[in-house]
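Below is one structure, written out as structure tokens; the observations come after it.
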Amino acid sequence: MRMGFIGTGSMGSMLIESFLRSQSPDLSIVACNRSAAKIQAITARFPSVEVKSTPCEVAQSCDLLFLCVKPGDAIPVLQQIRPVLQTEQYLVSITSALSVKDLEAYVPSRVVKIIPSITQMVSSGVILTMYGSRLSERDCIEIGQWLTLIGKPYRIDEKDTRICADLASCGPAFLSFLLREFAIAAVRQGGISEEMAKGLIMEMVHGLGKLFIDGEFTFEDVIQRVSVPGGITEVGLQTLEPLVDGIFDRLLTTTRNHKHHASPSDERTKQ
């Protein structure tokens, strides 16, 4: 598979790095960026990446094309590359500014829309995936197999994009914020160092993730196994319950009503 990347900002470069780190022998990558410095930063770390001068050159030389530009640049780039795109090519967009239907109106190719997560930096986590009308089920399976190299593709309906992105893509930042506050409180209340507090929490989170994935624990399983009647954990949970009541509803309402309706990848993507 020959993959092309138009745009090598934060998200584009992360995807390139993640795919290359998979060391798939059947994969080669070609890319372009308006910024010479950004594309040079990629090739300095990954000399195997082939550099092209224009989006059209990238589009003409790949089977699977990733569009990783800022939302405002998406339509001009699509108009530019449309004449050279083929019906058998895949176009994968990471911007939420255009729906799958919108993308299909601009290009003849088979369209896929994804919302990646920072967790793909370690070849983990969910990649929210939406397939266009031109893909057969076999096409969807093929794309899913390639995405599996860097994470877990999770097929969703486009109408559920916002809520799913809040969980899978914004979620790492939301949870990191809460965990950071937990660590800072431990420093204040317990007198331990910030390094120690953060280290303990990070190791705890790592182990907790393994319980969920490898041990097949549910949230309720963990709570019930750790909390015993009259114990410290139970008292702590009773303290937390009224504090968090409604907080995530307010969070999700805020993100849903945000006027730009931008996904996390939009916010981080800088061509």
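Any Cβ shown, glycine's included, is placed from N, Cα and C.
According to TrEMBL, the features are:
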type	residues	note
DOMAIN	3-95	domain 'Pyrroline-5-carboxylate reductase catalytic N-terminal'
BINDING	ILE6, GLY7, THR8, GLY9, SER10, MET11	NADP(+) binding site
DOMAIN	158-255	domain 'Pyrroline-5-carboxylate reductase dimerisation'
Most crowded position, judged by CB atoms within 10 A, among THR8, SER10 as binding-site residues: THR8
Those binding-site residues listed as ILE6, MET11, and which of them has the most Cβ atoms within 10 Å of its own Cβ: ILE6
Least buried by Cβ count (within 10 Å) of the binding-site residues GLY7, GLY9: GLY9
Tally of DSSP helical, extended and coil residues in the domain 'Pyrroline-5-carboxylate reductase catalytic N-terminal' (3-95): 42 helix, 19 strand, 32 coil
